[in-house]
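Taken verbatim from TrEMBL:
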DOMAIN    11-227  domain 'Orotidine 5'-phosphate decarboxylase'
BINDING   Asp17, Lys39, 66-75, Thr121, Arg182, Gln191, 211-212  substrate binding site
ACT_SITE  Asp66  active site, for OMPdecase activity
ACT_SITE  Lys68  active site, proton donor
ACT_SITE  Lys68  active site, for OMPdecase activity
ACT_SITE  Asp71  active site, for OMPdecase activity
Amino acid sequence: MTPAEIAPKDRLIVALDLPSVDAAEAMIARLGDSVTFYKIGYQLAYAGGLPLIGKLADKGKKVFADLKLHDIGNTVTRGVESVARLGATFLTVHAYPQTMKGAVEGRGTSRLKILAVTVLTSYNEDDLHAAGYRLGVSELVEARAQQAQVLGVDGLVSSPEEVGALRKIVGHQMHLVTPGIRPAGSATGDQKRIMTPGRAITAGADYLVVGRPVVEATDPKAVADAIHAEVAQALG
Ligand SMILES: O=c1ccn([C@@H]2O[C@H](COP(=O)(O)O)[C@@H](O)[C@H]2O)c(=O)[nH]1
């Protein structure tokens, strides 16, 4: 799917980073038709949220299972086979060669798309060095993108700051999915490589992942609608 083929509303992925299935379902009800794509990550998945993937898919919503798998290849393959049966659209794995190879094998010919997390958006150069890496953020993101492409991974998770360089490497063959999105004036929290929704789209991001600025807002639907408006303006 080229960026032009993505439905504008699907470009916003709301992270359901909430403590329970009840809280997630209440948020989904509040957001209504404003949000078509949801992300389920550690907090909700470990609170019984995985069955919500199928429930949301049955209602015509798309779901990104942000489980960030990383294990020996065989375990990743078997885990991905199980996730593929849940009805998710996207699943994340960490961008290590054995992990990505195992994930592509597990995804097989199913409709699940594998996204490789290049460098977490909460990391800057100092954080990478402290974790023992010699490469800087952009070098590591680009090296991992090249490996992911060779291994047949479907998309990449990076900050919007790297999207321009990634597009030159992978063209439109891979989905570019960007957390680290902050509407102007919203709290940064622990994110270190950030951009506004409009600037991220202009930079070439396919999908924007937004959690706290939406789910912690007094009026989450108003924030989601404002992001859609900013995205539409950036798309022209
Ligand atoms: O590099 C990454 C990979 C995943 N995430 C996830 O995205 C959301 C962002 O939430 P905010 O509240 O908008 O910061 C969250 O679920 C992360 O686990 C990421 O931020 N960075």
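The backbone N, Cα and C atoms fix where each Cβ goes, and this holds for glycine too.
Computed from a predicted structure; not experimentally measured.
Among the binding-site residues Asp17, Leu67, Gly211, the residues whose Cβ lies under 6 Å from any atom of ligand 1 are, in sequence order, Asp17, Gly211. Mean model confidence for the domain 'Orotidine 5'-phosphate decarboxylase' (11-227) is a pLDDT of 98. Here the Cα atom of Thr121 (substrate binding site) is found 21 Å from that of Asp71 (active site, for OMPdecase activity). Of the candidate active-site residues, Asp66, Lys68, Asp71, the one lying closest to Gly211 (substrate binding site) when CA atoms are compared is Asp66.
Taking the Cβ of Asp17 (substrate binding site) as reference, residues of its chain lying under 8 Å away and at least six apart in sequence are, in sequence order, Gly41, Gln43, Leu44, Gly211, Arg212, Val215.
Cα separation, Gly73 (substrate binding site) to Asp66 (active site, for OMPdecase activity), rounded: 18 Å.
The least crowded of the binding-site residues Gly73, Gly211, judged by other CB atoms within 10 A of its own CB, is Gly73.
Ranking the active-site residues Asp66, Asp71 by other CB atoms within 10 A of the CB puts Asp71 at the bottom. Asp66 (active site, for OMPdecase activity) falls within a strand when secondary structure is assigned with DSSP. Here Lys68 (active site, proton donor) comes close to Tyr42, Thr92, Val93, His94, Val117: these same-chain residues lie at least six apart in sequence, with C-beta atoms under 8 angstroms from its C-beta. Every protein chain considered, the tally of other Cβ atoms within 10 Å of the Cβ of Thr121 (substrate binding site) stands at 25.
Within 10 Å of the Cβ of His70 (substrate binding site) there are 18 other Cβ atoms, across all protein chains.
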